[in-house]
Amino acid sequence: MSTAGFNSQNGTGTGQTYANGPSQNPVTLQQPPGVGYGMNHQPAYNPMQAKAPAPPGPGLYPSGPFQPIPPVGSYQPSPELSSYPSALGQPLLSRPLVGGHPSYTPPLSASPGPRLPPAQATPPPPAVTSASYYPNPPQPMAPAWHYNAAATPMGPASSMSTPPRGPVANHVNPTVSLAAPSPPPHMSHSTAQPSGPGVPPTSIHGYTQPDTGPPPMNPLASNTYQPNRPPYGAPPTGPPPTMKPTPPPTGPPVTSGTPPPPKADGDVAGNGPQAPNSYNHVDNRMAGPTQPGPPGRHLGHYPSLPPGYQNTPTPPAPSSFHPAIQAATQPFTQRAQPYQQPPGGPGPAQLSPSLAAMSLQSNTPEALRVVNLLQERNLLPPNPVPAPTPCLTQDLQKLNCSPEVFRCTLTSIPQTQSLLNKAKLPLGLLLHPFKDLSQLPVVTSSTIVRCRSCRTYINPFVSFLDQRRWKCNLCYRVNDVPEEFMYNPVSRSYGEPHKRPEVQNATIEFIAPSEYMLRPPQPAVYLFVLDVSHNAVETGYLSVFCQSLLDNINALPGDSRTKVGFITFDSTIHFYNLQEGLSQPQMLIVSDIEDIFLPTPDSLLVNLNESKELVQDLLKSLPNLFEKTMETQSALGSALQAAFKLLSPSGGRMSVFQTQLPNLGVGALQSREDPNQRASAKDVQHLSPATDFYKKLALDCSGQQVAVDLFLLSAQYCDLASLGCISRYSAGSVYYYPSYHHQHNPAQVEHFQKDLKRYLTRKIGFEAVMRIRCTKGLSIHTFHGNFFVRSTDLLSLPNVNPDAGFAVQMSIEENLDDMQIVSFQAALLYTSSKGERRIRVHTMCLPVVNALSDVFAGADVQAITGLLACMAVDRSVTASLSDARDAMTNAAIDSLSSYRQSVLTIQQPGLLAPACLRLFPLYVLALLKQKAFRTGTSTRLDDRVFAMYQLKYQPLAFALLMIHPALYRVDDLNDEGALNINDQTIPQPRVLQLSVEKLSREGAFLMDAGIVMYLWIGRNCHPSFLSQVLGVPNYAAVPEKLHLLPELDTAESQRTRAFIGWLRDQRPFFPSLHIIRDESQLKPHFMQNMIEDRTESALSYYEFLLHVQQQISK
């Protein structure tokens, strides 16, 4: 971090506003006097402390016969607590640094957050001696994530007696003096202690003590609101009941929920044998009923753990998941909750004592319910996992940003960096800023109200001191309310600025006035660059592209100024003169590819409305024009240079279609893949680009507001690691269709057609910039996604599309001692396809906590997994794949070890996790087996690189399906719990575990892996399903390469097609469907997604849990 101070992170302005246009006119930043970061960071924890050795074998896993690791305390009668090897005083697990700077670290940022120093080219082999976590053991170091800076021992949690820095709700406070805002009264948690006997000191969490500070996160894991829930009030004065919900006491209701009593989990598990992941037969998956294990022990009044670990029917849904919860991709509805407004509105000091009331509840919140992962087999909820709800007052939470748009890995922000380090959890944000929204308030105003100091846009989480002054929720500066803002256009009333739409909506869009422009908004400009070599013509993509563009040419986003152009290339570059007045398009060929030039610069990009007939004539003739070509060479680099020259004056979108490795002129590449090494257990080579030509050209494009989208359609190696840079740094997208052929691969053709239609017709933003701001004390230090970092915290996005996701890593630079909430704001300035300059603003508010248990209670396991995947991609490229794999494993080990040592007060055998993190080891194992990171399995290099791009670029909801697919049984679909959408009934089958044991030869199972779906038909599947859904009489009649479900007039067919169509409609891309049998060529791909089963080169889920437990127990 430079001494540029707070505002270089949080995006100050100099009175100048956001600017659009070329990169020579970046947004200027200014630092107000006297505002600077305190640089008193915690020292980093010792990277030389020992790391748990990884299991031997290829990468992380043993290659030979598996030697079972004896579990600690599982499957045996529970020993005395003293026999468990992990003592309370054991020091925290510390991991060495992962190494290598992530790709998108801003140049001026030197924060002490997760900096990854360069790793050794060949990491030392893991030690197999009995490693200890005590300092300076003799073992060699292996990498792990250094998420944040320091790991100092946690002292007793400080009381919240210091006054909060700013009001926590958006209201007019009539008691505040007009001369200066007076500090809120001191409120101490010690006053909230009940007089009667409290919680037993031996509670399983050190969480319910009254002096531990703010309460845990909302105990409900559900994202749904509960309208009939009683409001919360002041702490009760008598002894808290043991197992009954506390009746609602009187007082100002400010918290968002009442913790339910712990529910006994209905999961029944057992210790049956692990089913081998055979690619040939599912027949041997069960050898008969297994013997139940020993009963779980009872701990006080907590429910017993399910006995054993056996294969039994899946239990009913846990109580914390409401059946109506839908996937994260469902439209977010902000339903108002019944809330009794206290007199005068909730003041800044009301949050602390009311939150303290939650700490006095005798019931452990659901998020912190202890789960023994070795004994609870059925952890997957029956419905998709919802995003956790931050523990905020109801009036703040109902105004908060949708988790589909803005999500944090921790929904309770630690008060200090040392507390964050102690949790060993990554802190970061995941964004989907340009998402298609069903409801988006749009404000047209000549005055956009922003903080004069940090340039934050006014939002629902600012506080109004009176009608004329508001306090910024990021830098706490007091600002004047402009006269125009006093009028509310919605209610047409005057004098209520706190009721304006800008202050009532966490997501809002402004139509920007002229000061947000450096030049007139650019028109929509689309340039198509097409490979027409022999290889390209053979694939047949050209006719599909031309027909798709003809079908959608009137739906291209734009206005009367929209321009289009075409370039084709093989060993020469072909331009097309489409000027109005010509009788037919003119082809102009430039053969000098070393010194490319534009033959007629003024007639190659033409107005679409004026030249539409010529454009249509060209699209009809292009496929036939090159059908006889024998030209095999590809001068892609020169074609890109020509396209850049053509688009530079205006900016726009370049769509590049390529089918082979470029082998001529600038940017020529050679094959770097050795097919014999695809399944090697050694580190994967050539994940980084072979040349910087494409990155440099992308940066030039970004400077001229040009984004490049790459469509790669090839059966051969194309070096996507190098070619992808043209899109990665210009804020473009990469589309990849391996083995594309118009006859041999009809599923890919359909995939390409659907993607093209979405690509051509979706909304688009031009010449965009995005800045993410956060409350003073927090800082952003690493960005993930496709963009160029123009200045410290300003992302340059020549194009922005509604399917792009971003992620950022954060650190805590200054203690948040006197804050109770922090806020994050993402502002996206762009030009719409209609030529309007617009600003879309998202604001999120989260609570600050000072107890480690509260940090864990607010962990968002899906967001953590998404950020971890982004970090692992960077780690794979900058260091090695094995380093990234080790670091992901250690992420699970470290966080669960910290939970065990610092949150649990009663040590017990087993692998214990809080309920909110119960899926974390499963997701980490899923990442290790994901195409991007797996080893020991034959994986094409381009496939691996594309999987890495997807993890970095896809919004979280879609990336999660690629990490951990969803498995459903579909041969018995019914209307129980079904949705009714547009008068269509959508069945809602249960989500099953990804294990062969869940398959049945008598059934049919649908696997949704994000960009692909598999419908697996069991050998003994009922003939009625085969005939009524697939239209075949028996199993033998199922075609080998079937990718479409016939539209049959049967209830079963309608249900199945409705369910698959509903899944497809929830994502912007089109997942292809493959219907497979036991002997299908694609069955190995289906089986590789059975994450919980063992393969020749990877552990089963249970074996992985034993490995994690073994490392924690050392």
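Heads up, the Cβ atoms here are built off N, Cα and C, so glycines get one too.
Automatic prediction, not curation, is the source of TrEMBL annotations.
Taken from TrEMBL, the feature region 'Disordered' covers 1-134 (among others).
Among the features that TrEMBL reports, compositional bias 'Polar residues' is placed at 1-31 (among others).
Per TrEMBL, compositional bias 'Pro residues' is recorded for 53-71 (among others).
The annotation compositional bias 'Polar residues' is assigned in TrEMBL to 75-85 (among others).
The compositional bias 'Pro residues' annotation in TrEMBL covers 114-127 (among others).
Look at TrEMBL and you will find 155-323 (among others) tagged as region 'Disordered'.
Annotation comment: TrEMBL describes 228-263 (among others) as compositional bias 'Pro residues'.
Positions annotated as domain 'Zinc finger Sec23/Sec24-type' by TrEMBL: 448-484.
For 521-760, the entry in TrEMBL reads domain 'Sec23/Sec24 trunk'. This prediction places the mean pLDDT of the domain 'Sec23/Sec24 trunk' (521-760) at 94.
Here TrEMBL flags 765-849 as domain 'Sec23/Sec24 beta-sandwich'.
For 860-957, the entry in TrEMBL reads domain 'Sec23/Sec24 helical'.
Marked as domain 'Gelsolin-like' by TrEMBL: 986-1060.
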DSSP puts the residues of the domain 'Zinc finger Sec23/Sec24-type' (448-484) at 2 helix, 12 strand, 23 coil
Going by DSSP assignments with H, G and I as helix and E and B as strand, what are the residue counts for the domain 'Sec23/Sec24 beta-sandwich' (765-849)? 0 helix, 60 strand, 25 coil
Counting only pairs 6 or more apart in sequence, are there at least 3 Cβ pairs under 8 Å between the domain 'Gelsolin-like' (986-1060) and the domain 'Sec23/Sec24 beta-sandwich' (765-849)? no
Where DSSP helix means H, G or I and strand means E or B, what are the helix, strand and coil counts for the domain 'Gelsolin-like' (986-1060)? 24 helix, 14 strand, 37 coil
Of the residues in the domain 'Sec23/Sec24 helical' (860-957), how many are helix, strand and coil by DSSP? 67 helix, 4 strand, 27 coil
